[in-house]
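Swiss-Prot has this to say about the protein:
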BINDING   Cys41, Cys44, Cys64, Cys67  Zn(2+) 1 binding site
COILED    424-468  coiled coil
DOMAIN    520-571  domain 'CXC MSL2-type'
BINDING   Cys525, Cys527, Cys539, Cys544  Zn(2+) 3 binding site
BINDING   Cys539, Cys553, Cys558, Cys561  Zn(2+) 5 binding site
COMPBIAS  572-581  compositional bias 'Acidic residues'
REGION    650-708  region 'Pro/Bas region'
COMPBIAS  687-704  compositional bias 'Pro residues'
COMPBIAS  705-714  compositional bias 'Basic and acidic residues'
COMPBIAS  715-726  compositional bias 'Basic residues'
COMPBIAS  742-759  compositional bias 'Polar residues'
Amino acid sequence: MAQTAYLKVTRIAMRSASNLSKRRVEELNSGLGELRQLLSCVVCCQLLVDPYSPKGKRCQHNVCRLCLRGKKHLFPSCTQCEGCSDFKTYEENRMMAAQLLCYKTLCVHLLHSALFGELAGMRPQVARELVPRIKLPPKTTQEFIREGSNISDTFDIFLPQPDLPFLKDMPTSLPAETPPTSAVTTPELPYDHHLNISDIEAEAAATAEQGHFSPLPLLPTGSRMGMLSHAGQIVIATESSESGFMDQAWTDQVDLSGTVSVSKYTNSGNNFAVSYVMPTSATTKFDPQELQIGQVVQMADSTQLAVLAAVEETVETSTQLTVLSTTVEETVETSTQLEVLTSAEEPNEISDQLANLQVEESDEALVEETVEEAEGTSIPSEVVAEHMEEDQHLDVHTSQSPTQTEMEEAVEEHVATKTQLGHVQTELQDAESLQKDFEDAKAAAEEAKEKEKDLHAISAELQKEDSDEPTLKRKRTRTLKASQAAKIEPVPSEVKTKVQSGKGALRRIRGKDKEEKVKPPKPKCRCGISGSSNTLTTCRNSRCPCYKSYNSCAGCHCVCCKNPHKEDYVESDEDDDLEDFEMPKDVPEPMTQSEEPVVAEPRQEENSMAPPDSSAPISLVPLNNLQQSQHPLVLVQNEKGEYQGFNIFQGSKPLDPVTVGFTIRVQLQHTDGFGSLPQYAYIMPTIDPPNPPAPSLSPPPPPAPDREVIEPPAKKFRTSRTRRGRANFSALDTVDELVSGGSRSNSAAGDRSSATDNAHSLFEEIMSGSDDL
C-alpha cells in the first residue's frame, strides 16, 4: 500500500508545475496525506524510526522499535494486530526503512520545486474509509513536506567517510541523482561523458521548470553510499532554501551565449566544470559562440587558471620576501647591537646605542637577552676586567659626546655597570665563604666517621662477650653503647653551628648527620643458607644468632622455622634508650614446658611497670580488632565453636598467657601485608564441667503425694438381664417365643391377645434401660 501511494505521488511530482491542473494538485495533496499515514507509527503517530511490522499480518500497521508495547491509536481498532505487543509478535521491516528514505528524497524534491508554492495553505484531505488508520497531526501539507525532508538518516553512519579534506565540504550526492537545475547553475557529467539535452529540457532549464525530466533517486541526498568507489557528479544548487510561492511560472528567456565553464574544485582528481552566466560587460578570452549549455570544458587548457595560479605564486613569494627582509633586518640589528656591546674600542657608538635602547622597548628587551646569554651562568675574572675597561673608555669619551642627553645616558650606564660589578664581587665573596665552611664541615664529618668506626669495633667485641650470657648482660652492654653514643653526640651539634652561613653545604652536612645517627646493623639470621646437612635444625643451635639472643628469626630462609622464641625483648631502636633510664627491679624467670620450650618474655613497656599484684583477680578483655592488640593474644572458644580474641590482665597490668598456664600456642597467618597482627596467639584450654557430687547417706526425701486423677465415668452398658430374673417375666428362649408373645408353643404372631402387650412391655424395658447409658 505504501509503495502504491508513493508511485502515485511521484508521478505527479515529476511533472512541471505549469502544466498541472488544479485537480492534479489536489491529488498530490491527498496522496501526500495518505503516504504520511502509511509511513507513520500507529503508537506515536510520527514518522517511523526503525520500523517493525506484525508477524504474519497484512494490515501493515507498523510501529517504531521503541513503541512496541505502546497503545495503538487506530480508528477503528485493528483485529489482526490487536494482540501484538512484544518482540515475539513483531519483526523488523527493512523494506519500510528503504521506503522512508524514498519518501525523504521525494520531500526534498518537492521542497525545492515550484509545486511547493502551489501547495501553500492546503491541508491533506484523506478519504474516510473503514480501514483502521491513524489521525494525522493538525499540520499543513508544506509542514509535512518539511518534516519528511528532515528525516534523520542513520543508515550512512557506519559507511567510510572521505579522507581528503576537500571532499568533506562537497555536497553529498549519489551517482544517479540529478539535482535541481536552473538557468544560473547546470550540472555537468564527468569528462568522458557528454550530456545530451533535448529542446524540451533546455527550455525547461531556461524557464526554471526543473527536474520533471530527471530520474528521481531511491536514496536521500544525505546518504554517502558509494562516495569513494564512484566518481559522482558535483551538485551545486543556487540556494538550499525552499522555493517560494509563485503566482505564475517564469517564462522569460535568458541568453546563455555568454556562459563560461570554470572549475569549481581545483583540488579534485576529476575535471568537473560548472556553467555560469557571465555579465555582458565582462571581458573573457572565451568565444561566446563556442560555448553551449552543459558543455564540458577541460580545465587543463584554461589560461585564466594559469594566470590566477601565477598571481597567487607571486603574492606568496612577495610575502615571503617581506618576511625574509624583516627577519634579516632584525638579525642585522641584533648582530650590530651585540658587536656594539662587546667591543670596547668604540664608545661613541655605545652611547648612541644606549640612547636608541631607551627609546625602543623591543630593542631593549633583545639587548637584555643577548647580554644575559653573553654573561652565562658563571662570571669569570676576565669579564670583570672587560667591564672595567669599558668603564674607563666611557669616562674618557663622555666629554666628546656632542649632546647633553648622550652624556647623561652614558653616565647612567656607567653607574649601572658599577653596581653590577659590586654585586658580582659580593657573590664571589659569598661563594668563597661557603667553600670555607664546607671544608670545615667536611673535616668534622670525617672525624665523626672515625669515631663511629671505633664505636663499631667496641660494639662488636661486646656482642661477642655477650653471646653466652643471659639477657641482663645484653642489656648492660646496650647501656654502655648508649653512653658511648651520648659522649659523641656534641660533635655534630658543633658542626651545625659552624656551617649555618652556607646554603648548599648546610644541606649536605644535615644529610651526613642523619647517617651518623644510624646505629650499626644487627647480625642477620643465616638459617637455611648456612650449608648444613639438616637445615631444619639450624634455627635451634648455637649457630643461629637470633636463637642465642632469645629473639625471633629475622629474614629466616628455613623450610620451617624451629626457633621457639617468637617475640623480641626490644622491638625497635627507640626502646634501647628507654632501657637506660628504666631498669626493672624484678625480672620473671622463663617457664619451660615439657612439650616445647616456651620462654615468657614481657615487652619493654611491661618491664618498665611495677610487677602486678598477685592478689588481684585475672580478667580477660575482649578485642574487636585483632590487629589493635598491643599485648599477647589469647583465643577463647565460645559456645558456637568460634574463637574470639582477648587480652589477659591481672588488675590493670597485662600478663603473659604462659604464666597463667596457657601452653597451647598457634601461629597466625597474615592475610593483609600492611596489618600488624601478632605472629602467635595462645589458646585458652577448655574447662571441663564439674563432676556431680557423690550421693549423701542422708535418708531419702518422702515420696511425693499421689495425685488423684478424676476421670469421667466409663460408659456403662446395661447388662443382659434375663426375663427370668424379673418378676412377672419369663425368659424368651427362642425367636418364636418373642414373636408369639412369650408362648412356648409354636404359634404365629397375633394368635393371642396378649402378644401386643408383651411387645409393648419389651419396648418399654428397652427404653427404660437407655436412661442408664
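One-based numbering along the chain as shown.
Including glycine, each Cβ sits where the backbone N, Cα and C put it.
Feature map: annotations from Swiss-Prot on the structure.
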residue: Cys41; record: Zn(2+) 1 binding site; DSSP (3 states): coil
residue: Cys64; record: Zn(2+) 1 binding site; DSSP (3 states): coil
residue: Cys525; record: Zn(2+) 3 binding site; DSSP (3 states): coil
residue: Cys539; record: Zn(2+) 3 binding site; DSSP (3 states): helix
residue: Cys544; record: Zn(2+) 3 binding site; DSSP (3 states): coil
residue: Cys553; record: Zn(2+) 5 binding site; DSSP (3 states): coil
residue: Cys561; record: Zn(2+) 5 binding site; DSSP (3 states): coil
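Within the set of binding-site residues (Cys44, Cys544), the lowest number of other Cβ atoms found within 10 Å of a Cβ is recorded at Cys44. Taking the Cβ of Cys41 (Zn(2+) 1 binding site) as reference, residues of its chain lying under 8 Å away and at least six apart in sequence are, in sequence order, Leu47, Leu48, Val49, Pro51, Asn62, Val63, Cys64, Cys67. Note: the CA-CA distance between Cys527 (Zn(2+) 3 binding site) and Cys561 (Zn(2+) 5 binding site) rounds to 8 Å. Excluding Cys41, Cys44, Cys64, Cys67 themselves, the residues of that chain whose CB lies within 8 A of the CB mean position for the Zn(2+) 1 site are, in sequence, Val42, Val43, Cys45, Gln46, Leu48, Val49, Val63, Leu66, Gly70. Comparing Cα positions, Cys544 (Zn(2+) 3 binding site) lies closest to Cys553 out of the binding-site residues Cys44, Cys553, Cys561.
Averaged over the domain 'CXC MSL2-type' (520-571), the predicted model reaches a pLDDT of 67. Cβ neighbour counts within 10 Å, taken over all protein chains shown, single out Cys527 as the most crowded of the binding-site residues Cys525, Cys527, Cys539, Cys561. In the structure as shown, the Cβ atom of Cys67 (Zn(2+) 1 binding site) sits within 10 Å of 20 other Cβ atoms.
Candidates Cys44, Cys525, Cys539 (binding-site residues) were compared with Cys553 (Zn(2+) 5 binding site); those inside 10 Å Cα-Cα are Cys525, Cys539. Cys561 (Zn(2+) 5 binding site) sits 6 Å from Cys539 (Zn(2+) 3 binding site), counting Cα to Cα.
A gap of 82 Å separates the Cα atoms of Cys525 (Zn(2+) 3 binding site) and Cys44 (Zn(2+) 1 binding site). Distance noted between the C-alpha atoms of Cys539 (Zn(2+) 3 binding site) and Cys44 (Zn(2+) 1 binding site) is 84 Å.
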